[in-house]
């Protein structure tokens, strides 16, 4: 496990060693976080909230 910091509450987030950029993890604070590659190392950012597309 890799321990990263939550960008919302600054708490520790345990991320699996085999996590890939683009994966979503949920933290205790309720934030949905996206794993991304920050210059060769894993980091977390707030996941973009995508609404439903009704084709309108």
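Glycine too: its Cβ is placed from the backbone N, Cα and C atoms.
Database features, via Swiss-Prot:
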type	residues	note
BINDING	6, 9, 27, 29	Zn(2+) binding site
MOD_RES	56	5-glutamyl glutamate
MOD_RES	56	5-glutamyl 2-aminoadipic acid
MOD_RES	56	5-glutamyl N2-lysine
MOD_RES	56	5-glutamyl N2-ornithine
ZN_FING	1-34	zinc finger
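Under 8 Å from some Cβ of the zinc finger (1-34) lie the Cβ atoms of residues 42-49, all in the same chain and six or more residues away from its ends. Sorting the binding-site residues 6, 29 by the number of other Cβ atoms within 10 Å puts 6 first. Long-range Cβ neighbours of residue 9 (Zn(2+) binding site) (same chain, at least 6 residues apart, Cβ-Cβ under 8 Å): 27, 29, 31. DSSP states for the zinc finger (1-34), grouped as helix (H, G, I), strand (E, B) and coil, give 0 helix, 14 strand, 20 coil. Residue 27 (Zn(2+) binding site) is surrounded by 19 other CB atoms, counting those within 10 A of its CB over all protein chains shown. Across all of the zinc finger (1-34), the predicted model scores a mean pLDDT of 95.
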